[in-house]
Amino acid sequence: MINTAPIGFIDSGVGGLTVVKEALKQLPNENIIFLGDNLRCPYGPRPKEQVIEFTWQMTYFLLKQNIKMLVIACNTATAAALTQIKEQLDIPVVGVILPGTRAAVKNTKSQRIGIIGTQGTIQSGSYEQAILSKVPTAQPVSLACPRFVPIVESNQANSSVAKKIVAQTLQPMTKKNIDTLILGCTHYPLLRPIIQNVMGKEVVLIDSGVETVGEVSMLLDYFDIANSPENTTPTRQFYTTGSTQSFNQIAKNWLNIPDIQAIHIQL
């Protein structure tokens, strides 16, 4: 495998860009390909088998681009398909759940950890299992937030509507006396200031995506597949199954890259 090969990132929509943003920061010399399945977003309410099927479709597309590592930058897809995909690929595959769990367990003092995510992620129980396997005495509390992803996908993350929906949805979580909250969906960091405001500044928010890039960095070194620091003009390619106009707008704002031109594809 050549070290100049790109790292592939997949997500149900634009949420995975929160992981890409961190990768651009931590791994500036790496070539990156991102695919968002915006047309079929959200994945959260879909049956597990369908999420697995869609995740494989995205994976096959990126394998054709000769990626050297796959990052499933989507909690719903990680919960449903990571184990299966990891077993069948001969390149490293990273999901977003375990890195987020590790950071939460490290941070908590009270062992009361909140998890917010899509219906699919919360129903899978993946975070609770991961937390309890590390700290059996922990008290994880979960809440599905199905209205958050559509807000982000429609580019309304900073709107008054977003503030209202986040405040209403998180009301039960504010009463759980947690000290740590896992943002268990890669779309949620786009709502981070609003979530922090609702939960209060004493609650530490864990961004699974940020933690995941730390693991990617470690694996690049472990497998000796990191790109050369001399690669000062790395490539960034973006693909979407949805509207390129909408994708470009959100991506430009979030990544601070003025000339993003996503390519539309069909899976």
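Cβ from N, Cα, C; glycine included.
No curator has checked TrEMBL annotations; they are predicted automatically.
Copied over from TrEMBL, here are the features:
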- CYS74: active site, proton donor/acceptor (ACT_SITE)
- CYS185: active site, proton donor/acceptor (ACT_SITE)
- ASP11, SER12, TYR43, GLY44, ASN75, THR76, THR186, HIS187: substrate binding site (BINDING)
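CYS185 (active site, proton donor/acceptor) falls within neither a helix nor a strand when secondary structure is assigned with DSSP, and so counts as coil. By neighbour count, meaning other C-beta atoms within 10 Å, the densest spot among the active-site residues CYS74, CYS185 is CYS74. Cβ contacts within 10 Å of TYR43 (substrate binding site), excluding its own Cβ and spanning all protein chains shown: 28. Proximity to CYS185 (active site, proton donor/acceptor), defined by a C-alpha to C-alpha distance within 10 angstroms, is shown by the following recorded positions from TYR43, CYS74, ASN75, THR76: CYS74, ASN75, THR76.
Across the residues the record lists as binding substrate (ASP11, SER12, TYR43, GLY44, ASN75, THR76, THR186, HIS187), the two Cα atoms farthest apart are 12 Å from each other. Taking the C-alpha positions, the distance from GLY44 (substrate binding site) to CYS74 (active site, proton donor/acceptor) comes to 10 Å.
Sequence-ordered, the extra residues of this chain that approach the substrate site, with Cβ no more than 8 Å from the Cβ center of ASP11, SER12, TYR43, GLY44, ASN75, THR76, THR186, HIS187, are GLY13, GLY15, GLY16, CYS41, PRO42, CYS74, ALA77, THR118, THR121, VAL149, CYS185. DSSP classifies ASP11 (substrate binding site) as strand under the three-state reduction.
Using a 10 Å radius centred on the Cβ of GLY44 (substrate binding site) and all shown protein chains, the other Cβ atoms total 25. Following the DSSP three-state reduction, the secondary structure of THR76 (substrate binding site) is helix. Annotation for SER12 (substrate binding site): spatial neighbours GLY36, ASP37, ASN38, ARG40, CYS41, PRO42, TYR43, GLY44, PHE54, CYS74, THR76, ALA77, VAL149, criterion Cβ-Cβ under 8 Å with sequence separation of six or more.
Under DSSP, GLY44 (substrate binding site) is assigned to coil, being neither helix nor strand in the three-state scheme.
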